[in-house]
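According to TrEMBL, the features are:
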REGION    1-20  region 'Disordered'
COMPBIAS  7-20  compositional bias 'Polar residues'
DOMAIN    121-168  domain 'Anoctamin dimerisation'
DOMAIN    171-734  domain 'Anoctamin transmembrane'
TRANSMEM  179-206  transmembrane segment
TRANSMEM  259-275  transmembrane segment
TRANSMEM  330-352  transmembrane segment
TRANSMEM  372-396  transmembrane segment
TRANSMEM  416-437  transmembrane segment
TRANSMEM  541-564  transmembrane segment
TRANSMEM  598-616  transmembrane segment
Amino acid sequence: VKKPTGGRSSRQSNLLTENAVTRSLPGVNVELGYSGETFSSQEDHKTFQREEFEKQLVDMGLELEKEEDVYEVKQSGSVTEKISSLVSKILEPLHPQVEERQPKNIKHLSHTFSREKHHLLLGSGVYMAAYPLHDVSTSSSLLPHISVVSLLYEEWANYSVFFKYQPIGLVRKYFGEKIALYFAWLGLYTQMLIPASLVGVIVFLYGCATVDDNIPSMEICHPENNITMCPLCDQVCSYWKLSTACGTARASHLFDNPATVFFSIFMALWAAMFMEHWKRRQMRLNYEWDLTGFEDEEVSEVKDRKCNCLSFQMEKLTYQDRLPAYMTNVVMMLLMIGVTFATVFGVIFYRISTKAALHMSSNPVTRSHVQLTVKTTAAIINLVVILILDEVYGAVARWLTVLEVPKTDKSFEERLIFKTFILKFVNAFSPIIYIAFFRGRFVGRPGSYLYVSESYRMEECAYGGCLMELCIQLSITMLGKQLIQNNLFEIGIPKLKKLLRYIQSKQGAVPEEERQKKLQRYETDHFLEPFAGLTPEYMEMIIQFGFVTLFVASFPLAPLFALLNNIIEIRLDAKKFVTELRRPVGARAKDIGIWYNILRGVAKVAVIINAFVISFTSDFIPRMVYQYKYSQEGSMHGFVNHTLSFFNVSHFQEGSEPLDQLHLGYPVEICRYKDYREPPWSNTPYELSKEFWTVLAVRLSFVIVFQNVVMLMSDIVDWLIPDIPKDISVQIHKEKILLVDLFMKEEQGKVRNLEKREREQGGQDVYPGDFVHFIIHL
């Protein structure tokens, strides 16, 4: 297009006049248009070219929207703002060195385009490559002369800045909103673990400080304690002294004390606070990223995962078409859960057989450490099985989801997440649930034990209870998954795959130095690991959230271990995204999707599980019942003897009595076992006593009261904390007023132009009612 010689001054004048227009509302200043600077000849020529280009787009039927309107958010001088400013100055060293050009009180005014007009829009990112490359050589728009990747690596993907906040804005600009939301959620979750860790450490220290004052453990450890206990297994196990359980009893007190009840309530409220804080944080990010009016739009395309291409569904699948796939899903899910239960029973048989074998050992040291050896090795075996089955279940869940042929990518992702979560959750927590709620519950009693396969006697808990073994299983599983699966695998596997791709690449017989010089950016990125989505990242954190909340009554140090892991996890994931993975295609999202509902479900289940752990797994309820109902002094003296029943050794089943009757140096006629049963000399020997039913009634009552009180408190927290921060709500309201004002003024201008053309052509006038109707519809 030839540049005209005339009209330059008039066009420039119009631009300057338009740029000088300002609008103001209470608390908000609006500036429209350009900066108002004097245009040089070259700049004016570029402006003219843009105008001609846009004019031709409009002539072809496209509608354009300019994102050039900003408004200034004026800060009030209230006490709250002053306190906020003071806190910001204190926390300034924790912020990354990423300076935004645009001031924080300046925001672009935008409006979501209507869904009906999407066919008029150019596709998002049409000028970008289908597979975006890492932006190594491009200067950042935030800090000139520094590449975005270098800035992210220095201020985000670096272990030396673990104490700083994440540059979420920069992550969003480089990776997109969906990935930025994950890291924002992970950062808030890690921050919220700090108070939970502090309280957990205090609870643990309380147990350490009061262990010497715990009367039941003092009675067990007393040297004059001559209580003879019944054998823990048939034949090869012999009678034993209760005083030998001194170490276990003292260790159990560290995790089984009155403070753990308080900690369970605290963690339930903590989970509710975390959910509410995330909703507020998410809403603030939506506002800052102009996502408040954004809706996830699904395209009716089916993605072929095998060939990584898009294929359109030619015929709509009916329910009969999908029924075989649904039936396959149900059967396979039940089969996989059955496999998990089978592995749990396999470990149970390992413990039973190993315990019997170690008791037959001639080494006294081996016999004295049977319980610790069996518990630890069984927990390690469970961990290995869990790690292996996790990989299998992930592949099975993807295969089952492909069979269903979901209509959209979003539906595919949600179904895959749900199946994977169910399988991995059952896999991770089945051994823990068995120890917490089933072990020692169905063993029978001396003289009438229950057997599996007519030869394996059901496991029973030691006198200190199963809580200590639950703590061992939980800690080994949690730490093992974090150290091996979440960290070692995430570091080692991508590097190994990168090395294999590099070796297998067809570079020809070119010297290494020449090869490195000739490599382009896309060739270098090809050696990186493909981005497989955020599902594995979310999944490991959700499982960790389960460890932190579900059985926190038995392991108050779980939040501390989770915090230490996440401090490393954030930087590890950041480094993986920046240096180990191919740059993913940016995707918009306004929330974390189905993961939020899963989190809420886990938090609700945690209340129920902790109520049952406190009530049935720990000795909190029996101690409380004894102190306030059966104790003559209102103290815990005599509690140990109260919880032990009597058994006449002559009533053993044939073939189950100990082979070594004189193991303690004297013949045993009466032995004791932990249960509430009538003595052998009563009218109803070995029947459940009234103390058993009293304790059971209190346990069930505690579960009901605990659940309702904690859930009520969680609902109160949910009600007290608004989902949308007040300042964000006010600004959204002001933006709506501004948008209505802008729309009305623009439409008024269109109406005036239309009236002018009608008058020039002698046509009919435009009635004001038509315009009013249009505005209402808008």
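Including glycine, each Cβ sits where the backbone N, Cα and C put it.
Quantities reported herein were computed from a predicted structural model and do not represent experimental measurements.
If you look at the transmembrane segment (598-616), the same-chain residues 6 or more away from its ends with a CB under 8 A from one of its CBs are 260-261, 264, 267-268, 271-272, 275, 417, 421, 436-437, 467, 470, 542, 545-546, 549-554, 699-700, 702-703, 706-707, 710-711, 714. Residues 186, 189-190, 193-194, 196-197, 199-201, 203-204, 255-256, 259-261, 263-264, 267-268, 271, 421, 424-425, 428-429, 432, 436, 467, 470-471, 474-475, 477-479, 481-482, 595, 598-599, 602-603, 605-606, 609-610, 613-614, 617-618 of the same chain lie 6+ residues outside the transmembrane segment (541-564) yet bring a C-beta within less than 8 angstroms of a C-beta in it. Among residues of the same chain six or more beyond the transmembrane segment (330-352), those with a C-beta under 8 A of the stretch's C-beta atoms are 233, 374-375, 378, 381-382, 385, 389, 393, 396, 400, 419, 422-423, 426-427, 430-431, 434, 452, 456-457, 459. Here the listed stretches are 179-206, 259-275, 372-396, and the one with the most C-beta pairs under 8 angstroms to the transmembrane segment (416-437) is 372-396.
A Cβ distance under 8 Å defines the sequence-distant neighbours of the transmembrane segment (259-275), meaning residues of its chain 6+ beyond its ends; these are 188-189, 192, 195-196, 199-200, 202-203, 206-207, 548-549, 552-554, 556, 559, 596, 599-600, 603, 606-607, 610-611, 613-614, 618, 620, 706, 709-711, 713-714, 717-718, 721. In the predicted model, residues of the domain 'Anoctamin dimerisation' (121-168) average a pLDDT of 66.
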